[in-house]
Structure formats: C-alpha cells, structure tokens
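In TrEMBL this protein carries:
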- 77-341: domain 'G-protein coupled receptors family 3 profile' (DOMAIN)
- 80-102: transmembrane segment (TRANSMEM)
- 114-135: transmembrane segment (TRANSMEM)
- 147-171: transmembrane segment (TRANSMEM)
- 192-210: transmembrane segment (TRANSMEM)
- 236-259: transmembrane segment (TRANSMEM)
- 271-291: transmembrane segment (TRANSMEM)
- 303-326: transmembrane segment (TRANSMEM)
Amino acid sequence: TPQAQCNEPCPPGYRKGPSGGIHACCYHCVPCSDGEISNVIDSEICHKCLDDYWPDERKVKCIPKTYDYLSYEVDILSQAFYIISVLCSAVTLYILALFILFRDTPIVKANNRTVSFILLISILLSFLCVFLFLGRPVDITCMLRQMSFGIFFSIAVSSVLAKTITVYIAFKASKPGSYWRKWVGEKISNSTVIICSSIQLLICVIWLSVSPPYQEYDMDSYPGEIVIQCNEGSVIWFYSVLGYMGFLAAVSFVLAFMVRTLPDSFNEAKYITFSMLVFCSVWIAMIPTYLSTRGKYMVAVEIFAILASSAGLLGCIFFPKCYIIIIKPERNSRKHILTKVKL
C-alpha cells in the first residue's frame with residue numbers, strides 16, 4: 001500500500017495541490033502562502049498564523065512578529081536624531097544665554113528683544129519636542145507630539161511674523177507725517193505673537209476634543225513586523241495645523257521680502273526672508289515624502305523636517321547677530337548705527 005503516487009511526498013511548508021491529470025494520486029506541492037504554515041508531510045491545507053505571529057523561513061511553525069518603531073536601543077536613526085536634537089538644543093541655550101548677557105546692546109534690542117527671547121525659547125522647545133517622537137509610542141505621547149510641535153512652531157513663526165511687522169511698520173513710519181507712527185512700539189509685536197499663537201492653540205484643542213491621536217498597531221505594512229505607530233485621529237485637523245503654520249510663514253516671507261532693502265545696520269528683514277524660504281522649502285518637500293512613507297520612516301521624515309526648519313530659523317536669524325556680538329563687537333554700538341544710517 002503509501003507507493004501509488006506520481007511524485008515524492010510534499011514536505012512541511014507545502015500543501016498538496018491538484019495536478020489536473022486523470023490520476024487522483026498525482027498532485028503538485030504548492031508552497032504555503034504568506035502568513036501560513038504546514039508542519040506535516042503531505043498536508044492538504046496550510047494553516048494561517050495568528051495576527052501577531054508570522055511563519056519562520058521554512059513555513060513550518062509560527063513565531064512572534066517583531067515590534068518596529070524608532071527605538072533608542074537598537075535603531076541608529078533614532079540615536080542620530082537624539083544626538084542632533086541635544087546638540088541643537090545646547091547651541092540654542094548658548095545663544096539664549098549670550099542674548100541675555102548682552103540684552104542692553106543695540107543688536108539685541110533691535111526689533112524687540114522680548115520677541116527674540118520668545119523666539120529662542122520656542123526654537124529650543126521645538127528641538128526638545130523631537131524626544132516625543134522617539135521611543136515606543138503610547139496614547140499620551142501620540143497626543144503630545146503633534147500638539148507640542150504645532151504650538152511651539154506656531155509661537156516661533158508668530159515671533160518671526162512679529163519681527164517682520166516691526167520692520168515693516170518702522171519702514172512705513174520713517175516717512176514724515178506717516179499714519180504708521182502711532183503703531184511703532186512693542187505692543188503690536190507682543191499682540192501679534194499672542195493672537196497668532198492662540199489661534200493655533202484653539203485648533204489643537206478642537207483636534208483633541210473631536211478626534212485625538214492615539215496608538216495603533218499596523219499588522220500588514222511589513223511582513224513579520226508589527227509597526228507601533230500613532231494614528232493622527234483626524235487628518236483634517238492635522239493638516240489644519242500644518243496649513244495655519246504655512247500661512248503664517250508665507251505672510252512673514254512676503255512682508256520681509258518687501259522691506260528687505262531697508263537701510264538699517266540691524267535690519268533683520270533679509271535674514272527673515274531667507275529663514276522663511278528655508279522653512280517653507282523644508283515643509284513643502286516634507287509633505288509628499290511624508291505621505292509616501294510608512295511606519296517609523298514616516299516619523300523620521302517629520303523629525304527631520306522639525307530639526308531642519310528649526311535649525312534654519314536659528315541659523316538665519318541669530319547666527320549673524322552672534323557673529324557681531326562675538327567677532328565684531330565694535331559694530332554692536334549706537335555710534336556704528338548712526339554712521340551706517342548717514343552713509
């Protein structure tokens with residue numbers, strides 16, 4: 001009698017499939033499909049593994065899937081982001097300390113030093129919020145990461161907008177009998193930061209109330225892996241946060257471009273123009289890349305955009321001032337300003 005057959009027995013990891021011939025004892029050995037196993041010889045069917053299990057290489061037993069996220073311990077990308085964020089935060093703290101130390105000098109007082117301090121602190125917080133994107137996501141970090149990112153960046157861009165408005169009003173008020181003279185001062189700048197940031201805060205509060213982000217397990221994107229990620233909840237509100245931030249950046253860019261040639265030694269308009277150009281370029285490039293990736297690489301794209309745009313703001317706006325404070329202190333004087341204006 002087990003010898004009347006046209007082929008060798010099917011090994012584990014395969015199942016018997018009909019050959020289509022006239023002999024019932026003839027069959028093909030068909031490999032088990034993805035996610036299925038067989039652990040006996042000449043199996044008629046393959047058995048599907050549970051959702052959190054995956055077949056081994058031979059497809060003879062189910063083994064637990066591995067969890068995938070930006071881990072501090074094993075992911076080089078996560079470690080790189082950690083180091084970059086720490087270094088950028090240290091540089092921002094150094095610049096903040098430098099500005100506090102030289103707070104009474106003309107270059108720090110130019111274009112509202114209070115707004116400069118707010119901008120530096122918001123850039124620092126933007127660098128630090130990267131840590132919420134690293135490690136294993138949970139519900140609370142999923143909510144905090146997008147809210148903190150949206151609010152901190154809005155404060156930063158609102159501060160840049162306030163600086164731009166200060167330069168624009170100063171330019172308009174320089175003409176004799178100008179209507180804009182009564183708007184010169186810190187009040188309009190501070191109000192701009194408060195109002196523009198409050199709108200973004202309101203958007204985030206509504207987002208949390210309607211459909212907040214939460215942790216989810218993606219079982220299907222990558223074979224053998226469970227991607228632990230954050231579901232943004234409402235995509236509409238997520239893009240509302242990005243859209244509002246882009247609107248503030250666009251307004252800042254247009255105003256700064258209009259007054260970039262203002263003859264002032266400490267005029268920030270040309271630096272703001274370039275910083276907003278960098279900022280907008282990063283986020284415009286980020287959106288299609290973000291939509292075309294999955295899992296931890298989607299998070300990595302957003303982290304890169306946060307680091308790059310924050311560094312762009314820091315470098316374009318504050319590095320030229322630090323250069324004058326540290327390398328060219330003779331230019332950080334009222335006498336130099338008056339000479340420059342007369343020329």
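Placed from the backbone N, Cα and C atoms, the Cβ positions cover glycine too.
Heads up, TrEMBL stuff is auto-annotated, nobody curated it.
Of the Cβ pairs linking the transmembrane segment (271-291) with the transmembrane segment (147-171) and spaced 6 or more residues apart, 3 or more are under 8 Å, so the two regions touch. In terms of C-beta pairs under 8 Å, the stretch of 80-102, 147-171, 192-210, 303-326 lying closest in packing to the transmembrane segment (236-259) is 147-171.
Taking the domain 'G-protein coupled receptors family 3 profile' (77-341) as a whole, pLDDT averages 85 in the prediction.
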